[in-house]
Amino acid sequence: MSGEIFYSVDNLYDLDSANCHPLVCHLCQEQYEHPCLLDCYHTFCASCLRGRVADSRLTCPVCGHQSVVKGINALPPEDRLLKFLVDSSADSEETVQCANCDLECKKQDVDAMYYCNTCCQPLCRDCRETTHKAKMFSRHEIVSLAKRTKEAHKKCALHEEFYIMFSTEKKSMLCINCFRDMQVESRAHCIDIETAYIQGCEKLDQAVLAVKELQMSAREAIILLKAMIGEVRANVDEEESAICTLFSNMQEKLAERKKILLKAARSQHEEKERTFKEQLSHLAALLPTLQVHLVTCSAFLSSANKFEFLDMGYQLMERLKKIVKLPHRLRPTQSSKINTEYRSEFARCLEPLLLLGQRRSMSTTGSVALALGNASGLMQSSLSVQCHSPAMSDMSLCSSVVRRPTSHRYISTKVLLAKGGETPFMEHCCNYENSYRTLQTEIQKLKDQVQEIHRDLTKHHSLTKPDSMSEILEKSVQVDSQISSEYASVELMRAMFEEIWEETLQRVANEQEIYEAQLHDLLQLKQENSYLTTISRQIGPYIRSIAKVKERLEPRLKEPKELKDDRTEIMLKLYEDSTSTADTQPSNELSCNTEDNWTLNSLSEETNPKNKDYYRTNKQKNTTDSTNRKEIPM
């Protein structure tokens, strides 16, 4: 489309190019006339945007973002903030002419001029005395031109009353009639104009700080991307030099391979540079927007009064928040490394002639950009792994080269075992699967036990097995030692497997993935066991306290079983004595007394020991019945 803004490559990345005038249109390079705001927060004159709509979309001439508009001749919404700033700047420069005598006076010299709000006309000092001296003009509101404010910002457009309150819920000013028409619940969110102005200034300061942080991040990202473009160029030169050096030694057999590798390097270079330039263009287009809005905020604060601020300040805050929340690509999406794997490509062509050296390490050293992006995450992950268990520090050293396993590790192991014959790695996998399943089962059992104890502790506030926590801790320590031993035994086999992997290039990828997954699974099991141990130690004091409370509330639980057995024997002897003395009585009386005795004995045993009164009553009944039984044979 004609009329786009094309920056040169050098100016596009220049940080000073963002310091443009906030009231000048990017297209016509003139002061804004009817400024329109696009969805990307770039602003242009309405006349500059006419004729650019295609399929109800308007493409931004600066960043290329498409804004949706309705109709062919439709335009984006008017930017009230910029229009206010443009009008404010124009008011300070234009001259004012008296409506009666045509006396011209600049607005800087406002002391000699007045303004009649009733007539909506400016008047000089002499005309004010001569024309408005009559009685019919006595009710006209005449104010100094310096103190005149726009009624649109000071009075309610619906009721023509002055604003007196501000609603923090609706973000709008209220006159006395608006306040009366509000619901009672909404009146609690109303504050006076002065308080609302102070709070609004504080919120705007916070929004400005967020935009400034985004501006600093964007500048740092531009510097980083410029450095990465230089790295890409340097790396592609280095890669091409290495390719050409190796090609010169094998010129006869690698002519075709040279063309392919150079093309691959160039393709990577073009792709990466194109990606970086696209991201750089996006950030370069973002800086003018940030600068314009920062200057806009400063100008708005300096030129707007309280009413104007409260009328449009929250729109500015909302816009700043939306700008900060837009998806800005501040980090490089790729590394600057150019890697064509030329050694492996040459080795494939000259495999009978070349001695295969050590393969390239899977974990290559990252560039400056990736180091800046991932340094904090790597430090946090390493610290979190080391703080769980002392033994984890040794295993975390090896975890740097451990790749994240795929979700199909177990399936890949089965497929690999089904494909090949008897190899050392196959034998290792068989042994490992058995050991791993055993350890996993032990960990799952411990997890179930801890979950059961935790559930009893939180829901029922009681424990069925107070000594189970110590058993879990002991078992956890044993499992931890088993995992460490298994991990060490698996780690010792790395050197042997690396030699085998060098010889079997076709199967090495699957085997390495499964092997590293095994180490990762062991690390995960060890981490779960560490979490389990920590939780068990935290629950231990609560279990001991509950056990002590239970012992205090139920003292009969502390009585040994031998006492209970002696009490049972005594009761049996008493029962036999009562039976022998009652042989002379009729059978019906004997059966009745026996049933009463059995009932009373059972009631005395089943009575809750906590109820002392009930226990004392039963005891008295038992003594009475025993005396009655003794008196029967008499």
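Cβ from N, Cα, C; glycine included.
As the structure is a computational prediction, the values presented were derived from the model and not from experiment.
Quick look at what Swiss-Prot lists:
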BINDING   C98, C101, C127, H132  Zn(2+) binding site
COMPBIAS  577-606  compositional bias 'Polar residues'
COMPBIAS  607-616  compositional bias 'Basic and acidic residues'
REGION    575-634  region 'Disordered'
ZN_FING   25-63  zinc finger
ZN_FING   93-145  zinc finger
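When Cβ atoms from all protein chains are considered, those within 10 Å of H132 (Zn(2+) binding site) total 18, not counting its own. Around C98 (Zn(2+) binding site), taking its Cβ as the centre, 21 other Cβ atoms fall within 10 Å, counting all chains. Those residues of the chain, other than C98, C101, C127, H132, with a C-beta within 8 angstroms of the mean position of the Zn(2+) site C-beta atoms are A99, N100, L103, L123, C124, D126, R128, T130, T131. In the structure shown, the C-beta of C127 has more C-beta neighbours within 10 angstroms than that of any other entry among the binding-site residues C101, C127. Each residue in the zinc finger (25-63) gets a DSSP state, and the totals come to 4 helix, 12 strand, 23 coil.
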